[in-house]
Each structure stands twice: as structure tokens, then as C-alpha cells.
């Protein structure tokens, strides 16, 4: 411990030593800090010093720094930079109502920008940072901070010494992370102290800045010169660390760096060895070095590169001149410890510091990259780097300054280049052996783990500033380097088609490749493009295009590319092509540049086409399954290429580039790429040398689709941005309805931008979120408006944008549905033709493609083949052919050659096909004969050739006979060779040789021979015949203009816009006729002649065939529809019975035992073996049931106002008023004063943890069930439920279940006898009941049935936890089981009542009744209850029906029995019924009810007597006494009440002093009506339970009624009302039927109370007042806005562990706040949520996860994600709050959740369950 100087301060020299040691002394860290505090404060108390300094804080910036996972806000309305962010406090203090803001969870950390006008608009500042406070802050007194200025340099130096000490150069490439960690831990308090200083405000920050940036301080203290050994040593360590990092002082460097470079070795050697020669380097040799050794090519390339980078020193030289620089150096060395980062960022509000720090950061940029590459924790480190850099580079002013002063751009580009150089491999594209091109290796960690993203994201960030981007675009050297960088990605991840074996290992490197191209190439490109929007920026585009083309030329040379691409290989990555394309597009669209001035020569353009074209062909091949042997990943690539996030950086530029190339090159046709040339022959049979026949059709479709895309897309050829947005949106919406967040996730178009919202509302309607009956959640969706389907649906755009082919189908299906619905077209429509946006003048050349003979020949051939029914042609092909013809007609050149004197005479070469190149004229040109090459077996061979013949061009072989044969392949090659002037023999790569016959496998195909085919058709005649063929009628086409000339004048007739093939043909013929009079005449001629088709028999038979086919298909389709509909309706009805909780309309009653009564015996179907029969003793049948513990009933409250979820500290939830608590308290009170065994029969338990039994209604033999369980046990694949716990799914309806309830064999015949009424009087019945109860339940004989009943009873007991079944004082006493069993019955009856809405007004057997298993459950319970005999002396029945003998008062007991008036009547009812022999007679049942009703009524009167005031009591006592002796005194409440009061007055029950205790008693006067009403309300719950019970035991429906007559209806239904009187004079007392004289009985009961009240008046009173009225169970009410919950809970501390939980959750049943998955609150391996679900819901928990806005359900040992009840303004969930938009409660969803909770159907409705292993 350092000795302290006696005097507090006598000047710096003496102060320095102890302080420096204060840092170094290990144990003394804390004291040293204390001492520093003491010194800084100059002897004042520290706190008052802090206050003093804070008073001088001039800061206007918030600058609050946060780390990952902090919740911050971003407001796009107020932000200037897209990275702007605000802390919650500043956000809520500012005014952002109606702004486009969102809340987000910070990924990497950040800082609050409030007050910084460079980053955000001042309007958004919060109240605190709005005032420019610097003006009125007084100047700071010099002496206040004097000590700080002296002490802090020493303190910071001691910190740096510490860092030097603690760092050891990692040995043998294993960084000693533990040591670093230790050092950091020791330093934690020091850094925290600095952080504390920064928070003191601006005054202290400026002192710190002064200290950190002052070069003199640094020189004096750290240079290691002087007598202090300690300082020397630390300086040496610092130098070693510098060298070890491959960095050196500039002076060391110069000497050896020059020689090394001269020697031509890789400059990286210089980097790796700090100044020494290659052999004796003291630092570790850099790892790049070793890799290069093995690859000569990399090395060669590298040398060339290094000479182009401007300044080697960027990479290797670091010189520290101040504390700040060395601190940052160590921060990087230690891989950015969080504390250090926070300290460095906390200083940023100080402007001088900000500039100094930014420069330092840039100076260390290369070093950061090296450390990042080596780091093992690159993810964490990346986040920390971005945390810093985003604060520095988002500020345009700062970025510009650093760019100018520190060569920021040079540094960044060079660093990126170096980074990628470490993972280059030789490219195998094209010419594998001689290729000089190198590409990145996508398998390397650098790419696979996205390690490069911090650097790239910084680069993208600074390019977003116009001033910086301009510098970049003007700097030629930088552009060269950047294109060099981009070329590393050109051609990466090459795929080679596997032709033989399936590939063994599917590499997933393509993810890395696509991510790299998007992030490292495309995003910077979009950044640059955003600054090239106006004419003045032409120069930039010229620069980019120039260097891009140079790089491309280098690339072509490097891969040795001549004119043919290598077959069977494709790369999806051509970033250079895409840069070129996008800058071209920008040039024409925004900068008014002339294309010719920036396009390269023809040869280069031809070369540029090839690779993008190859990608298009490969897409087609991949979809035709020609690449299956390459595995799924190749499909993945094809999908990613067109997927919404990538398409505008990938496929769009490619297609645009092809469009440009075709605009300026002679169309040298693209079909050979698709390998379908051989198919395009007029012959009916052909040979394809390159394709298998099964791929031909889809390749042809692919080729035509590509042509259509090429010719009709206008994305970059003239559409405005808004039109593009609209088209994109329509395409997405047509495929499927979309949620708001993704109608169009294209980069550059963000949902929320102004045009986005307006376009969305123009094209789509919002559908609010709805529910499906299965309970699955819907989001709010947007669906296309009718007008959009009608006019804007564009199949071409849909095809371009679909990832899956099925999406195109889905769009067409929706289109079909729209047409049917709106009545526009009934049949199956074809894709509509949408008029194109006019071409931009620069691209007019593209239409040449439509008017070239080659295309016309292809179209003619295909039309002919379709007409002749050749194989491999589909409707899709025809559709595309017609589309192309229509495109050609739309884009025809204006004037036509003078048509009248045009004669189609002269026959030359392939002009013999068509005379000119104009589609309109070629359409009418008749072609008579064609020479084709066919296999000898073909039917055409037989004919002789007439004189004049056209040769069919598209034949595979070219033995030049008399007429030349036109070949696409040859044509294209000729074009290429004219340009390149090379000998043709050099480059025959695709077409192996001129004679493909030699090449084809010998003997595999028949010899080819030439045949002449008679055709005599023109395109027009083919079209008309096609119309006949499609309509199935001869002469079906009639030119419409013959009837109505108008047609030709206004062609856009709505009747032609939607329809099938015939409509399309009609539309085309109409357009052809409009464009030329001659065509019109020819069409009319053809229609008049209606020539019989050429080979007449053949075609007619073919037509007939097609017709039959069509009819057959139609019929089959109808049959299928019918079947499907039937199936669907079956399924629906089944789902309703199986799934729905309450749907009164599902009338499919399940055949349970309650079914038809005339059958002598109940018959059950076994769903496993399918046999039906009765349930017998030896082979019992059982119901599939799910037993679950439930505490739903316990959650009822006695107020109708639902509890709210607390969202402030004041609101709290207390569980005092829940049903469970009230019952619990009652039982405990009884147990204190009365005998335990009788207490346990005076109440019911099961309000919490009661067992609820539900069934799907299906039955099975119990032995079948056992074998079913065995098979499940052996089948280990099953997830989701645990067979060992007895869980299974019903074999029929797959509903979740876990037990089987045996059906008691009963005879309906007997049942009817028992139901009939006999006329025995009350006395006899009472006697019979008593005798029946006395019969002891004999233990049943050992049958299978009784065994099953026992085992199911065990299951029921095990369903709930021990604490919910054991209430007696003596554990394990039989009274416990007795209580538990009748309580199970009670819980199930009460829950059914809740499901019916809490009353029986609806009546009927609701679905709950249909699938109720109460009857079976009763048998099981009764069988077990009969085994317990009730000692006859204590039998409650006697107390109810007999007056005791006066002398036999047993007072010997310690505790008395529970008085009858305290007993729960419903419990007594169940005890009576379950202890009688089953099945019960109806008359006995009624007798029991009548007796119990008398008790209940007396209880009501007693409670009433306590509730009313003393005066009322006196009045009633007297009035009752008067009427006592009237005729029916026993049936009038007045007399009875009077009697009760007089009897009770004998005890101390009515003693005064109760007024203050029972405030709930209404002070109002009791009128007779209110008394009657009270009595009825008191008795109703009992009547409801009893009616339900009667319904289940004896069948018969429940009557329905109005609420106010429920009492009378139920009373008469139960037989309490002898004859139903009219309502107005009805009183509840008229239901009474006393078995013994009423007044004696009442006196007897009241006596028990009076004697108890003598000792305990208070309890006696409290126990009498029962609370019969409970409201239905509800979940907590949630606030409207989610933010209310989030802000309160997400930082709330947990009450158990007092920490802020990482994943906070809140229980929606009781509002308890818990830590999800938190180990902090774990108890005996149970995490807190699981624990709470057991305590609160007996195993069912419903939790809202605060940070995710989702609800999870825990059910027993499983859990599932339920979904969210909070949706944003567009009706969408925001799981994990990723988008952070404001969320609002969705009442419907919450109702569904509550419904599922109350009805216990979570298990059935939610499908995705998983085990939680107690870890939640």
C-alpha cells in the first residue's frame, strides 16, 4: 500500500510517484480511488464537489450512452441521419405525436442524439435540450478544477501502465483471454471512476479532454525516460505490444520496408514482422503470410495489388502522441471492453474531444481490422466497433472533415481490400487451368460469419453523406481500388452441374455469397447512386462506368473468355456487371446522358451479355430439375436471386443489361442458351442432342418466358419511381394478401415513406384481422382493389417476382376468382395482356427483337406444332407465343411498305420463310413447303418434294443440301465471328461440330433424313385455326368488324381484356386487322374459305381426341369437386364437435350413454377396433378423457368490475376477494373451532387445483386402449406429449387426452322405471333414503371394470398436487379422500355452469352437455365413496330430518360438530347422492333436494337476520310472531324469519358493535320485495348445481327461461314447486316442504349456533354470512396501448432477486411479475414461470412476455407460444418488438384467449407444444 504524503498537496512532482504506484499496488485499488476523490475535491466532501461542478455544465447535448439490449427510439420524421436515436426520456419529453417513429432494442449499443442538430431536426429536441444553455452558465472558477488538472494526467497514466502491464503477447496463437479478463476486472473501478467524472457535465469533460489530448503530458509521463524503473519496464512492454501487432514506429520501418519491397516479397511480410528480417521476427508471423506460401497465384496477384494501393503506411504505421491514442490502442488490443467503450463515448458531447477522437479512431482503423479478423468473439467485437463508429460517422460535418484531413476514404477502401485479400482463391470460371482471376472463398470464416460487416457498414454510412460520396466519385485512384475490391466478388461461389452422381455434401456457402454481394457491393452502390440524381453529376457516372468497364475487361482477360461460356456452370454473382447496369440506368433516367457516349463497343457488349444470359438459362434449367444432383442448395440460390430483398440488386440489373445489349446489338438470338433449338422443327418427331425429352417442355417454357420478360419489362426503361413502386406492390398483392410490413420489401423503398402509404391506399383495401373457428390468429391484411385486378394485374411482373412457381398459380387463381365474382368471365381465364409503359427513346432499339425473322420463324413453327398436337407443347407455351405476337403488334414501326404492290414472290435463302422483318406483314405471308430433317421413322418421310421449298431452319444438322438450312446456333455464332474476326474452328464449344451426328451416341438414335412438309399456312391462318381448335367448333371465328366497324376505331374494348385463349386470339386478329387493310382482307378471305385443315383426317381425329379429353377432364373435375365438397362438409361437422368449445348449432350428438331411451342397453363404438357393443364387466368400454388440474374457479371475484393489470407503482392487486381465498379462510376458521372430520364434510375444496374432466366423446375398449398406448410407447418419433405420463391423442379426432373413464354398464329399461313418479309421502321417502344410506357399500368383486375404476380414480388424484388434496389436520385420514372425491364432482358441475355463462337461462344440452362425462364420472366417484361408511350418529341426514332426543346430547367431545347452519348445502347434496347405491331413484333424489332446500332456506334467513339493522329485526320478530299460527305459517318467510330471529337472540349473535365491522350491509330499508329477492339470490346457486346434476343423472333437457324467472323455472323443474303458480304471487317460501315441524327444526338448528356464539360472537356472525354470488372468472384487463405496459415492466426489478430480469414476464391471471428463464429465481430446478404456473393455476400459466409482446401458455410439462394480443395500426403482430411500432390491444384476440382459459381448451386448440423441462 503506498504511503500517503502528510501534506495534502505540495505540487506535482511528489504527487506523481505515489499516484503512479496507487495504480500499481494491487490491494490498494479501492483506497487509491478514495484518495483520488479526496484530492480532486480538495478536501471537500465528494458529493458537494460533484454538485458544485454540475452547476457549471454548459452541455446542450444529451449524449447518454447505452449498451446492447437498451430500449431506444428512432423518429424518421425528425432524423436527418438514418442512424439517429433517442433515449426513452428524451423521446417522451419531445413532441413526436403522429410522427413516423419506432421503438427498437439496441443491437450494438448507441448514444442519444438529442440536442445534436447535425443528426436531427431541432423540432424534435426534448424540453431539456431545446434551450441553448451555454449562454447563461457562469464561468467556472479556476480553483475548483485546479486539482483535477494536476491529478488526472497521473491517474490516466497509471491506468495505461496497468493496461501495458496486464497485456501479454499471446503465445502460439492462443490469446490468453483469461489474463486479459483478469486485468480488466481489476481495472473496472478505475474506468467506472472516469465514467463518473464524465457524467459531471461539460466542465469536467473539458478538463478530461485537455488531459487526454495534450501531447506534452504524454511525452513527459510515458516515454519511459527517467530514473523510474517501473515506467521503463512498462514502456518496453508497450513497444513489444506495438511490434507484436505488426505495427512499428515509422523510423524502424523505413530502413527495412524499402528493401523488402524491392525484393518483391508480399508487403504483408513487412506487416507481419516488426522491422526485423523474415527469419528473426520477434512478433508472431502474421497469419496471412502462411496462407500465401501455399498459393503462388495469390502471391503474384497480391504484389500487383500492393503497388496500386497508395500508401503502405495506412496499413502498418501507428504513432501515439497522446493519452487518447494509446488508450484507444489498448481498447482495441483488449477487444473493446464494454466499460472502456462507454467511457470513450461518454466524452463525445465535448466538441474538441469528438474531433480528436474521430481522428484517432481513423488512424487506428487498419489495426481494428486486424484485431477483428483474429478475434474469437468477432460478433461482440463487431457490435462494439459499430457502437463507436456510428456515433462518429453519422455526422456529415465530422465525416467530411476527417475525409479531408485524414484520408478517411483511402483508409477505408484500403482496409477493406486488405481484409478480403486474406481469403482469395483461384477462380474456376470458364478456363480452369489458365484463369488468372481470384475470388473470395465463401467458405472462409471471414465471409461465413459476416466478420466484414462493421467495416462495410461504416463505409455505407459515410457514403450516405453527399460531400463524402462526391469526393469518392471524383477520385480516380479510389474508384480503381474499389472496382478491384468488387472484382473479388465477381464470379464467386461457382456452381458446376453434376451430371452423374448426386453431390455428396451440399455446401451452404451460398448464404455467405449472397450476403457478401448485397452488403459489400450492392449497398455501397445504392449509396453512391443516391447522389447521382441530377444532370450536374454526369461526370461521376462516366468515371464509374469507365473504371467498371476496365475492371470487366481485365476480368474477361483473366478468365480467358472468348465468345462462348463454358457449359454446365453458373455463378449468380456478377457485381461488376450490375454496377455497370445500374449506373447506365441512372445516367439515362436522371442525368440525361446519351447512352452511346458511355456504352462500350459491340464486341464488349456481346461479351457482357453472355454471363447474365447464362444465369437466365440456368434458372430455367434449375426449375426444370436439370440440376437436381446438385442438391437443394442450387434451388435455394435460384430463389434467393429473385427474392424480394435481393432482386433489385441481382435479377433486375441483369435483365436490364440484357435489354441494353439487345437494344444495341444485332439480335443474335438467345434461344441456344436454353438448348431448345432442336425442338423448333416443324417435324412431328425430332432428336435433341443436348436435352432429355422430359426437360424439353419446361426449358421451352423457360426460354419463351425469358423472351417475354426481356421484351416487356420496363423497370429501368422508362417507368418512373412511383410507377415502379406501384407495379411492385400490385405484383406482391396479387400473389397473396400481404401484411403492411411486407407488401414490398425492396431496398430503397421503405414502408412508411410517403409514396409508399399513398400507393398502398390506392391499390389495396385493408382487411381487419379476423378469427378462424379453429382459433388460429389472423393478421390485418391488405388485399388488391377490384380495379387493380381489372386493369393493373400484370402476370409478367408476377412471374419476375415469384420465388416459388406456385405463387404464379396463386395469383392466377385469385384473378380467376375475381373474374367469376364480378361476372366478367366464367371459365378459366388466361393471363391478361397488360399494356406496357412506352419505352424511353434511348431504348427504342429493343423492338428490333420483335421484328426479326428469326423470332417470326420460331413463332410460326410453334403455332404450327401446337395446332398439330406435337408432343411437349403446353398451354403455357401457346400463351407466351401469343403474348409475343401481341407485343410485336403493339410495338410496330409506324409506316409500312406500300402494301398493295408488295408481292411475296422471290425465294432466297431463309428469306424464303418471310420476305421482310416486319411482323405485321409477315403475319399474312403464306408458307407452302418446308424441308425438315426427321428420323427415318417419322410419318413425313413418305412424300416427294414439290419444286419450291422453304428449308426448315431449326434442324439440328446442317449437311448443306440444295437449299440452305437456317440455324439459330449458326446465326448467332456468325454474328459473334463477324465482330471478333476469328477463325470459326477455334471456338466451337457448345455445338461440338458442324455435324452433330458424329457426336451423338452411335446407334442411339435413328438416322436422320430430309423430308418435305406441305404447310400452306400463314401466321394469320394458323391463328384462326387455333381459334377453331380452342373452341372445339369449326368456323367459330367470325371477324367482329363485319358487324360493327366501330371495333376497329376503338380497339381497347373491355370485352377483350379478360378471357381465355380464344379471347386472346380474337384480340390479336383484331389488332392485326387494325394495323393493315391487307391483313383485314386476308382474315376475311380465310374465314370465307374455311379451308379444311391440311392433313384432314389427322387433324380432325386429333381435334376429336382433344375434345374427348377436354370433356372427360371436365367430368373428372366435377366429380372431384363434389367429393371434395362432401369431404369438407364432413370435416367441418367433425371439427365442430371435436374442437369447438361452445357452438350451440353443432347438433351432432355423440352417442354417449345419455342417448336414445328405447334401446334396452347403451351401445358404444370403439374407435380403435371399430366394433360396437355394450360396456360389460369383463370388457369395459371407456370414454377418452383429459384430466387437468384447474384453478379457474378460484379466480372468480365478487365484483363485476374486472381487475386491471398494474402499470404504476400505486396500482397493486390483492387476492383477498377471490373465490379461492374466501373458501380457504372459511375452512380454516371452521377447523379452529369444530371437529376436523365434520369440518371436512361441511365445505367443498377444488376451487384451486380442482380436477376438471373433459372428453371428446369418443369411446374405446379399455384393452384396445392399452395396446394403443404400447404402440405409442414404441414409436419414439412422437414429440409434444409424453406417453409415459399416460398422454395420448384420441385415435379418431386427435384431441389430446390422458386417461380413459370406464362406462358403467347400465340398462336404460331400468332407468325408465326409476324415473316414474310414485305417490309415496315425504315421511316414507325420508325413511327409505336413510335405510339406503345405512347399507354398507360392499367392496366390489374383482372385475376388469372395478380395476379400471380404481386406476382412473388414481389418475384423478394424481392429476393435482398434493397440497390441493390434503386439508385435514391428520394427514392421510380417509376424510380427506372423501372430501376430495365429492369436490371433484362439485368442480366439474361448477365449471360447466361457468361455461354456460354462470346461469342456466339458455337451457338445452349445450355442447358441453353433449360431450359431458359427468354421468360416468359419478359412477366412479360413487363406487369409491360407498366404501367409506358414515357413522350413523353423525350422519347429517338425521340432523336434517329428525328432532334429536333431548337427553342424548353428546358433550364429551373436545370440539363440537359443525352446526348444520354452517354447512355448505351443495356439498351435503353431493355427499348424500354419492353415498347412496347407484343408480338412484328419481323420487329419492327429489326427496333429498326438498330436505336440503329447507336447510338452505333457513341459512338464507339467518344470514338475512344478521344483515339487517336492530330495528328491522324487532319489527320482523313481532310481525312473524303474529302470523305464526296461521294455516301455512311454515311456508311464509315472515313467520320463519321472525322465528329465526327470536331463536338466535337467545345467543350473543346479535350483540351490538357489529356496525363498524360489516359496512357492506345496506343502510336502506328492507322491503318485502328486496327480502324475497335476496332469498332467491341466496338459493339460486344451489338450484343451478342441482338442476345440472339432475340433467346428467336422469337425462331430460334443461328448460330455457328469462333471467328474472330462473328461480321459479328451476324450482319447478326440480319438483320443489308442487304446481307451478303464476309469477306475481309466487314466493320462494312456497317451495318449502318440511319433513318435521318447521319451528321445532329451526329452533334445534339455531340452538347449535347460539351455544357456539356464546364463546365466539364475531366468528359466529362471520361464518353465517356466505357470499353466494360470484362473477365469472376473468383475466386481468390490459391497457389500450402496449407502451404503457412496456415502459413500466421492462425495467422493473423482480421482487424475489431484486435484479432487472433479462426476460421479464407478467402473469395475466394474477398480475405477478416473474423472471422468465431467470436462474436467479430458480427453486429446486424449477424456474420461476413454471413454479408460478403451479402455484397460481395448478399447472396452467398465461404469461405476457414484456420484451416480445407475445403470450406463452404453460400447461403442465409443456408450453406453447400463443401469439400476441397487441397489434399495430395495420393489425399485425410485432413479435420481439422488432419493428417497434406502437401496438394496441386487440379485444377480440384477448377474448379468445380468455375463452380458451376458462374452457380449458388450450391443449386442443393450440398445435405447437413443446416440453419446457422446467426451464421457463
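From the backbone N, Cα and C atoms, a Cβ is placed for every residue, glycine too.
Looking at the stretches 249-276, 277-304, 305-332, 333-360, the one that TrEMBL records under the feature region 'Disordered' is 277-304. The feature region 'Disordered', as given by TrEMBL for the ranges 938-959, 960-981, 982-1003, sits at 938-959. Segment annotation: TrEMBL labels region 'Disordered' over residues 1093-1118 (candidates 1041-1066, 1067-1092, 1093-1118). Assigned with DSSP, the residues of the domain 'RING-type' (1239-1294) fall into helix, strand and coil as follows: 17 helix, 14 strand, 25 coil.
Assigned with DSSP, the residues of the zinc finger (60-131) fall into helix, strand and coil as follows: 13 helix, 18 strand, 41 coil.
Mean pLDDT across the domain 'UBR-type' (60-131) comes to 86 in this model.
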